[in-house]
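Scroll down for the structure; my scribbles are underneath it.
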Amino acid sequence: MPELPEVETTRRGIDTVITGRTLRRLVVREARMRWPIPPALPDLLAGRTVLECGRRGKYLLLRFDHGVQIVHLGMSGSLRRVPEQEAPRKHGHVDWVFDHAVLRLHDPRRFGAVLWHPDEAGPIAAHPLLARLGIEPFDPRFDGRWLHAYFRGRRVAIKQALLAGDAVVGVGNIYASESLFRAGIDPRTAAQRVSAARCDRLAAAIRATLSDALDSGGSTLRDYVGASGEPGAYFAIHAAVYERAGLPCRVCGAPIRRLVQGQRATYFCPSCQKR
């Protein structure tokens with residue numbers, strides 16, 4: 001699934017292309033996404049100008065003068081610029097057509113979303129998909145004290161607490177494993193047992209891991225590409241544990257282990273990461 005670095009890389013890639021530009025038309029070839037695309041949406045947006053291209057967690061937020069379009073890339077989606085004359089291939093479900101550019105949403109599994117939040121419905125932050133999201137990892141308020149306060153009384157394993165997204169957003173499966181490795185924390189540790197000092201290390205590790213991923217254009221394991229069609233390079237360059245089961249730890253040489261937590265694969269070094 002595209003995580004925060006992949007979504008932010010996409011946002012940066014399309015921001016200068018569409019912000020301040022008028023949408024000529026929205027072409028919906030397949031409306032059956034995670035939630036059906038509203039049939040009135042093309043008419044609502046035709047001829048309107050994109051005022052801002054934002055992001056909250058893993059959601060892209062395209063601000064128009066009468067509302068916000070919410071775009072989620074789902075499990076396997078990508079949003080990239082394509083030549084206007086390029087015929088849509090299989091799974092090219094939605095096009096945003098501008099005078100100078102076309103953006104295409106490619107989503108093989110159709111778990112993505114293209115939704116509309118009109119201004120009269122209230123602030124976008126109150127939308128049900130966004131209202132309960134945690135703090136952004138690069139928000140100045142996010143630190144070890146924030147995590148330690150959130151983890152107090154939480155018996156769930158630390159990795160699952162990170163994936164929940166209500167403490168801090170955007171730390172999905174890949175980056176949770178990588179961040180816990182950097183912080184030296186066993187992913188099976190109960191969240192409430194992580195000390196304040198270790199929470200400091202974890203907050204720093206999350207920021208460092210996500211920064212590396214952003215600098216690398218995200219991670220590509222299967223389907224993800226950025227707005228220009230380039231795959232992300234983080235996994236190939238930086239991954240210390242993810243999908244390295246049985247291979248030697250890059251720090252101590254012990255075999256990397258794989259386990260399943262909450263139906264998600266977790267990778268860790270049993271020597272470097274302590275409970």
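Backbone N, Cα and C atoms are what each Cβ position is placed from, and that goes for glycine too.
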* Can you dig out which of the ranges 170-204, 205-239, 240-274 Swiss-Prot describes as zinc finger? => 240-274
* ARG80, ARG81, ARG109, ARG141: which one does Swiss-Prot list with HIS91, ARG154 for the DNA site? -> ARG109
* Structure fact -> Out of the recorded positions LYS58, ARG154, ARG264, the residue with the smallest number of other Cβ atoms within 10 Å is ARG264
* **Within 10 angstroms of PRO2 (active site, schiff-base intermediate with DNA), Cα basis - recorded positions out of HIS91, ARG109, ARG154, ARG264** => none
* Please work out the number of neighbouring Cβ atoms within 10 Å of the Cβ of HIS91 (DNA binding site), leaving out its own Cβ. => 18
